[in-house]
Amino acid sequence: MLQWRRRHCCFAKMTWSPKRSLLRTPLTGVLSLVFLFAMFLFFNHHDWLPGRPGFKENPVTYTFRGFRSTKSETNHSSLRTIWKEVAPQTLRPHTASNSSNTELSPQGVTGLQNTLSANGSIYNEKGTGHPNSYHFKYIINEPEKCQEKSPFLILLIAAEPGQIEARRAIRQTWGNETLAPGIQIIRVFLLGISIKLNGYLQHAIQEESRQYHDIIQQEYLDTYYNLTIKTLMGMNWVATYCPHTPYVMKTDSDMFVNTEYLIHKLLKPDLPPRHNYFTGYLMRGYAPNRNKDSKWYMPPDLYPSERYPVFCSGTGYVFSGDLAEKIFKVSLGIRRLHLEDVYVGICLAKLRVDPVPPPNEFVFNHWRVSYSSCKYSHLITSHQFQPSELIKYWNHLQQNKHNACANAAKEKAGRYRHRKLH
């Protein structure tokens with residue numbers, strides 16, 4: 001027992017006596033206590049110390065206590081909040097930085113808390129300031145994209161750095177900028193930094209950017225928990241470089257989008273552009289998921305309310321161009337949440353803008369719709385497509401789009417006869 005105490009308890013044998021005591025005089029004792037108390041206060045009031053990670057690293061600029069009612073159809077009537085507004089910040093484009101300097105090492109970063117901590121390390125190592133403000137530097141930017149043409153529609157496509165095949169498939173299909181004759185479309189892929197920080201991958205992305213000029217990338221970690229940052233990057237880019245664009249769609253890289261139906265049946269270029277317009281698949285009355293094992297887990301510390309405001313599924317929503325700047329600016333005074341579509345809904349509630357339902361509730365789908373040319377000629381989004389599937393079904397729809405439902409009926413009858421014969 002004595003050996004264990006010597007190895008693991010004390011580095012040197014000490015005997016205690018009044019002669020050795022730090023408190024052998026009243027004055028020394030008082031000074032020692034004052035010093036210890038001062039050190040305690042110093043360490044207790046600094047959140048940047050190592051070993052103290054947590055939600056304090058997440059940008060927090062308000063205390064939220066609202067959105068408790070699910071009866072109201074409006075997005076703001078049940079808004080009961082205590083806001084702590086931050087000083088207005090102007091939209092300032094950041095100069096692109098050299099990607100060769102991106103030498104962080106967030107290997108294996110997963111989960112909400114680790115992502116927030118890694119974001120903080122990027123700020124510290126890059127010297128970009130405190131994460132309470134949105135100041136991520138551009139690695140790749142396209143500031144002159146809207147100077148060459150005046151787009152009617154901008155497609156903001158959230159993509160992972162390694163999804164090269166998905167980006168190629170989108171360029172060949174629904175993201176083709178020449179898809180609608182007489183209608184200017186701009187396609188922009190939104191990227192962060194790959195968790196693996198593969199130098200070859202970053203070089204390939206830069207080559208891809210030089211060829212297509214449709215990638216914008218900033219130096220935040222590209223994770224699920226940073227989708228809100230990615231979307232705000234797109235909003236800020238539109239507000240800064242394409243402020244007069246009538247409409248914007250934000251969607252994901254695994255989506256099927258019927259761009260022609262979106263333009264001609266929903267947005268209708270012949271009509272005057274709408275303002276404060278936001279639509280998609282409406283999510284009403286949803287409660288925060290408190291299951292810590294869930295992908296959609298929302299900690300009570302971040303969002304204590306019992307209900308989310310009305311929001312649109314992040315798989316695909318459409319909004320008027322004037323909202324890009326409004327959403328980005330109001331976000332600077334709102335606590336950042338990792339659920340991007342919920343967060344955008346909160347921004348809209350603060351702006352007192354109600355998302356409106358689309359003409360048909362099956363136009364926007366955040367699930368995969370079984371394919372038929374008839375169904376896909378009358379929808380805008382369908383989810384979970386591999387690049388090869390996207391090309392296959394897109395080509396089939398283009399071949400049959402003028403008689404989509406008639407051809408679909410013929411194909412169905414042909415399959416029925418084939419099964420009957422065999």
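The backbone N, Cα and C atoms fix where each Cβ goes, glycine too.
Annotated topological domain 'Cytoplasmic' per Swiss-Prot: 1-20, in sequence order, evidence recorded as sequence analysis.
Annotated transmembrane segment per Swiss-Prot: 21-43, in sequence order.
Feature annotation from Swiss-Prot assigns topological domain 'Lumenal' to 44-422; the stated evidence is sequence analysis.
Swiss-Prot lists ASN75 (among others) with the feature N-linked glycosylation site.
Under the heading region 'Disordered', Swiss-Prot lists 91-110.
Annotated compositional bias 'Polar residues' per Swiss-Prot: 95-110, in sequence order.
Summarising the annotation, Swiss-Prot assigns N-linked glycosylation site to ASN98 (among others).
What Swiss-Prot lists as N-linked glycosylation site is ASN119 (among others).
Here Swiss-Prot flags ASN176 (among others) as N-linked glycosylation site. The secondary structure of ASN176 (N-linked glycosylation site), as reduced to three states from DSSP, is coil rather than helix or strand.
Annotated N-linked glycosylation site per Swiss-Prot: ASN226 (among others), in sequence order. In this structure, ASN226 (N-linked glycosylation site) is part of a helix by DSSP.
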- Rounding to whole Å, the Cα atoms of ASN176 (N-linked glycosylation site) and ASN226 (N-linked glycosylation site) are apart by 27
- Note on the structure: Out of the glycosylation sites ASN176, ASN226, the residue with the smallest number of other Cβ atoms within 10 Å is ASN176
